[in-house]
């Protein structure tokens, strides 16, 4: 009986599959409840409350995320700025630099412009019927443009007042003359003719025997001599 009671006591002390262990049940209920519900407060006086720890942990994570995002955005903006600067530099390198004209080229261009303006004034006097006042003004303008004492700004001002944008007019006239020359050169070239056109325009000229007989009859056998008497 004592053995049976001892065995029964051991069986009662041994944990079953559905009953929790005694060592597990020795834990305090406070931390477990706080772990399950983070809004509850721990009973330990030395440790901070769970709600405070959670509230401290989350802002740090948010601040770190925002800081990393800001750094990434800064890097992206720097890369875009460097790419844009590189593209601008490349476009500047590819753009052709305008070479200023030399003194000789400028003098030659000015002489051509003056000659064109003088020629236009002379043609206007010849082809049109100007009034005496217009004729006097045109002659005065020709003298001013041909004079070496007249300063260059005065000549340019006079040409601009008479013809407006004279450089554009000169360029248009030059293009028209070049087009006419090209058309004349193209028309002067000998172009090969196709076989069909040759067959259509082909003609055969054969002399007739009647004309030969008449020519032989009209020619005398005697030698021709001048008869002055």
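Just so it is clear, glycine is given a Cβ too, placed from its N, Cα and C backbone atoms.
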Selected residue, Swiss-Prot feature phosphoserine, from candidates 33, 82, 91: 82
27, 212, 225 - the residue Swiss-Prot records as omega-N-methylarginine: 27
